[in-house]
Amino acid sequence: MKRSRPIFLSLLCLVGMVSLLPAAEAPTYEHDVAPILRKYCVGCHGEAEPEGEQSLHSFEALQERTSEVPLIDKQHPEKSRLLTVMTGATEPRMPPEDELAPSEKEVALIKAWLASGMKRSEKPESAWKLDVPSIPSQSAVRPLSALAVSPDGKELALGSYGKVELFSLNEAGAFDRTNPGQVIEKLPGKITAIHFSSDGQQLAIATGVTGLAGDALLIDRKTGEVVRSFQGHTDILYDAEISPDGKLLATCGYDRLITIWDLATGEKKHELKGHNGAVYDVGFSPDSRFLVSASADDTCKVWRVADGVRLDTLPQPLKEVYTCAFSPDGKTIVCGGADNNLRVWQFVAQHGPKINPMIYARFAHEGPVQRIAFNEDGTKLFSVGNDLTIKLWDTTTYSELKLWANRPEIAMAAGYAPQTHSLYLGRLDGEVDRLTWSPDELATANSATSHAVTTVPIPASNMGSIAEQEPNDSIENAQVVSFPAKITGKIAGEAPGPDVDFYRFTAKAGQAWVLEINAARSKSPLDSHLSIYHVDGSPVERIKLQATRESYFTFRGKDDSISDDFRVFIWEEMKLNEYLYSNGEVARLWLHPRGPDSGFRVYPGQGKRWGYFDTTPLAHALGEPCYVVEPLAPGQEVLPNGLPVFTLYYENDDESRRTMGDDSRLFFTAPADGDYLVKVRDVRDFEGDNFTYELIARPRKEDFHVDLATKDLNVAAGGAREILFRCSRSDNFDGEIRIDISGLPEGFTATTPITIEPGQIEASGVIQATSSTATVAEDVVKQIKIQATAMPEGQEVTHEVAGFKKIDVRKTPKLAIRIEPAEGGAQPLPSTEEGPLEFEVHAGETIMLKVVAQRNELNGNIDFGKEGSGRNLPFAVNVANLGLNGLLMMDGQDEREFFITADEVAEPTSRLFHLKTGVDGGHATAPVLLHVLPK
């Protein structure tokens, strides 16, 4: 009490002094109280998520009663809770003891304001005055923070602090910066966005004062007069955009809110809440029905304008999102931001909340992406980065078309004029850049970059037998040989250092040679390595790979064989069939992770993984970097994107398809006429007299071999059983293989032809037996004919396939299974009564079907498998949403719904598929025809 008395007396004195002021100088909320509350209180008691549900951010908020005791007691102002918590007369004292508290003078001002009737300022300009110390600017530069081009391409609007200028553009797109046609001045703060209406008659300006309020102004283009002001945001605005139909205005700002206004009346129609950070940008769909927003909370959100419902949150960005837009056709959404990436989503939520799949993710700049702008038809997109680069993208695949590098200053605003193919950029130094491009220019640049070598046939000749002749351990004394040849040698020498063997040969441009070592397979201790060099000793380049995504291995490392559980960072942004580069190895993505406790499968999808471009699969550590890469065509210009470009040379350690153990195989296509060197060594630099090898150099000859994996067949009478074919591919033949089955005995049918898709190694079908069939005699089984046909090197080749050994028929099966339409799922297409059920699925979509079981005194679960349960589905089409148990029908159940998802990369095709189970000796459903359609 002794310590509180002097404070109390001081407050009395100060209050007395304030009470002696003339009435005109009585404290006001705007001038005296609001600055105190902002300084000490609003940090915790702001508009968004206020502590104790009590907000102090505005005069109106002070009037609201959110507890039993009101903040302001108009009958007894001195007892107002707003005052008593500051003096300590009411618990808890505010601000807390560990926070900065108002001075005695500031508390006295609040008490005097309460006592004088809580007056407000009569000066309208005070609404835009933030009570902070004035710091004079030391720079004459006024950065351009907003820019827009009128729809007719005749006017350019530039925004800087407190001012917007409109300039006339001539037919060539030029303008006189010293002669603005209109100047809109005395705006409250920084101009953050300018947008013209679709008819070009009006423009919207976003502005405000940081920490105070935001304002959107609707301006008449002809007169420059303010038509209407839209106020209500409690912090600066970052965007104000007019809907394409000219009826609405969408505003957003630092207060995390998005507001939809009626443009004609100024009425607030919807306030969209949901972002947890500042909202930097909004964009309407072309039909004005939807809105996308970009936020500092690392997300974009999609909203339905009519009722303000949030349709989806797009969570993939890793940092703040600065810019977003619908494509001109309304089918996709694009964003960019602080994680340096462009991301593209397919917009599918037109009819209600729905997940919009991300279809592209591109590492765009070495700094944040500040702005994006489409051209008039949406086939091109400009991205503006603060790394001083501008890029032009082809929106069919979001591949780079053109780079403008080393710009003089960062651009924070951009606008596109289709009339002159011009992109205008507003820079931080106050200057305007104008970049132009033309379709003819791009076509010329692209055609000039192709220098692919055409493969040419190698004249037939006998393979020679050659013995190694020492010394051949250097480029200078390389042994001269002629291909084709079989060279016998050994890695052993008397010279200091590890022994190597060089052979010099001549090749014509486009000749495709296969060089392979036979050592480990012949029990030699040599662990071989092959490489090709020019005669000057430089390695021969095979291909360049440009990284488009960066990542790293998570959860655990990988050995050199595993083809499953490739867990990598931001796997959601990777696509099937993309190449994954890691420490010199190139793998290829085959199947997406099936849940949180799984990773990618890489090719071939089973067994030991394959390497591509003759790279050898290696072990990889946890946390090791990896990259999604794209092959560049020979001679193609490399457009820098901030990620590495890897050059692969002609070399191989262990054969990449894993069929030759530790022996090497290299596919070499000569880039030009001339002499080349092949180098043989032990990869460990070991040597010895028993380190012998054969080096075989032969022309490449594509081929294939098909095996029937289910030679012993046991099928239920009236049922079906799966038949499975696997292939091996020679010399990197990756084409389609067709399998035909003929000569089946009466009562049996099979799916034929069965097709092994390009790049894949297996396919399956079903063989069905009528209820009256019996076990097939051995001599009848031998009459069944199976042939495999493909087109290696463009020539049709047919191989016989070893057929069935026996076909037994079970007469009293306890189970029969079939696929049917599910209620509320996909419905079958019209088809003949004899034909299979037919369904359609678009790439990127999921359909629902069901499997029905007819049990005949059969109890227990019926297991249809896990990720491979959809048998013979096309590549990139799988049974989805399986969970840990896979596709399982529990004991007592007779049907189970299941889902088929076609990945966005799935190619249009029609293919028979089925389900199978091992229960009751094994069963399969009748095949169903699935049509995969473009997305």
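Using the three backbone atoms N, Cα and C, a Cβ is placed for every residue, glycine included.
Noted in TrEMBL for the protein shown:
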SIGNAL    1-23  signal peptide
DOMAIN    41-98  domain 'Cytochrome C Planctomycete-type'
REPEAT    230-271  repeat 'WD'
REPEAT    272-313  repeat 'WD'
REPEAT    314-346  repeat 'WD'
REPEAT    362-403  repeat 'WD'
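Counting same-chain residues at least six beyond the ends of the repeat 'WD' (314-346), those with a Cβ under 8 angstroms from any Cβ of the stretch are 277, 280-287, 290, 292-302, 356-374, 376-378, 381, 383, 385, 393, 395, 398, 570, 572-573, 642, 844, 904, 935.
When pLDDT is averaged over the repeat 'WD' (314-346), the result is 96. For the repeat 'WD' (362-403), the list of distant contacts is 319-320, 322-325, 327-329, 332, 334-344, 409-416, 418, 421, 423, 425, 435, 437, 442, 445-446, 547-550, 639-643: same-chain residues at least six beyond its ends, Cβ to Cβ under 8 Å.
Tertiary proximity for the repeat 'WD' (230-271) is limited to same-chain residues at least six positions away from its ends with a CB under 8 Å from its CB atoms, namely 46-48, 57-58, 189-190, 192-193, 195-199, 202, 204-218, 277-284, 286-288, 291, 293, 295, 303, 305, 307-308. Residues of the repeat 'WD' (314-346) grouped by DSSP class, helix first, strand second and coil last, total 0 helix, 19 strand, 14 coil.
Sorting each residue of the repeat 'WD' (362-403) by its DSSP state yields 0 helix, 24 strand, 18 coil.
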